[in-house]
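Lifted from TrEMBL, the feature list:
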- HIS158: active site, proton acceptor (ACT_SITE)
- ASP14, ASN75, ILE98, SER99, ASN100, MET207: NAD(+) binding site (BINDING)
- ARG62, ARG68, ASN100, ARG134: substrate binding site (BINDING)
- 2-126: domain 'Lactate/malate dehydrogenase N-terminal' (DOMAIN)
- 128-293: domain 'Lactate/malate dehydrogenase C-terminal' (DOMAIN)
Amino acid sequence: MKLNPRVTELALYDIKGGPGVAADIGHINTKSVVTGYQPDADGLKNALTGAEIVLIPAGVPRKPGMTRDDLFNTNASIVRDLAKAVSDAAPDANVLVISNPVNSTVPICAEIFKSKGTYNPKRLFGVTTLDVVRASRFISQHKSTDPADENITVVGGHSGATIVPLLSQSGYSLEGKDLDDFVFRVQFGGDEVVKAKDGAGSATLSMAMAGARFAESLLKAAQGQKGVVEPTFVDSPLYKDQGIDFFASKVELGPNGVEKIHEVGKITPKEQELLDACLKDLKKNIDKGVEFVKSKP
Ligand code: NAD
Ligand code: LMR
């Protein structure tokens, strides 16, 4: 975000070390002003006040053998409390949730904002960009193409079977093991990193790129650029009739956040099978987030 010329001020908050990271990043020679905060002296409130975009990557990452849902017990309350602070200090901001499990932490934010009367469904986003980034990289490795030219739609949510790449929409027709391997790699790309880091965490560098890409898209759209489309996990009408209030599909962004939510569109029978499995898991993940706020507001 410090490299992004559209950013005027970057306010960094962490329970520890915010000012140190800010001093470090602040030396990068772009114009934005960087400030760092920690919990003392109203740090969180001061970091949030006036923010147009709030990126939330706070919480614990996975270790080998864990699912993202295993992070729920720790991260749910962290995200809940940050959402309360956002609601108080930056109620009109676009809120971009990175903290896992995204399928549950986004509904947690929504429930908190509803309870405080500040919910704007057009301004709450689960960041699923890394799945899209991976899908374009992995297909380019398979087909020996330039990933910059690849744009694979990924819908659903952000964990295992809820991640549904729609290769057919980009004109690809992988079959059999090739298709299964590709889908598996996109669905479990995060696990590749967790395994390779061997207990030292999960994706951070590719995540930083993906989070910054999504925020850049929002900034472009806020500044009037038309046709900015990113898949993202939002309050969506697409599967509400099945009791699923949040879903990631292609979303056109605008000055008010969500401008238009695209339908999933034409998919193959195999992709439909993946989507059916996704919706089952997604409902459970979303309900878990909603229940958490009800029981531990
Ligand atoms: P990390 O441990 O490197 O960093 C997390 C930071 O959060 C730490 O510095 C910690 O001090 C801070 N923190 C903890 N509680 C906080 C609070 N209450 N307020 C503010 N800061 C707090 O972990 P990471 O690798 O950066 O991962 C962070 C989260 O992002 C994890 O939940 C991870 O699963 C998730 N993640 C999501 C995606 C995605 O695609 N959506 C990708 C990568 C990581
Ligand atoms: C990812 O997709 O890399 C992140 O969600 C982190 C993880 O736990 O895999």
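Each residue, glycine too, has its Cβ placed from N, Cα and C.
Curation does not apply to TrEMBL; its annotations are automatic.
Of all the binding-site residues listed (ASN75, SER99, ASN100), ASN75 has the fewest other CB atoms within 10 A of its CB. Residue annotation for substrate gives ARG62, ARG68, ASN100, ARG134. The furthest Cα pair among them is separated by 18 Å. In this structure the alpha carbons, written CA, of the residue listed as 'active site, proton acceptor' and ASN100 (NAD(+) binding site) are 9 Å apart. Counting other Cβ atoms within 10 Å of each Cβ, the lowest count among the recorded positions ARG62, HIS158 belongs to ARG62. All protein chains shown were included, and the count of other CB atoms within 10 Å of the CB of MET207 (NAD(+) binding site) stands at 19. Around ASP14 (NAD(+) binding site), taking its Cβ as the centre, 19 other Cβ atoms fall within 10 Å, counting all chains. It is 12 Å from the Cα atom of ILE98 (NAD(+) binding site) to that of ARG68 (substrate binding site). Here ASP14 (NAD(+) binding site) is compared against the binding-site residues ARG62, ARG68, ARG134, and the shortest C-alpha distance is to ARG62.
Filtering ARG62, ARG68, ASN75, ILE98, SER99, ASN100 by Cβ distance to ligand 2 (under 6 A) retains the following binding-site residues: ARG62, ARG68, ASN100.
In this view, ILE98 (NAD(+) binding site) is surrounded by 24 other Cβ atoms within 10 Å of its Cβ, with every protein chain counted. In the structure as shown, the Cβ atom of ARG134 (substrate binding site) sits within 10 Å of 26 other Cβ atoms.
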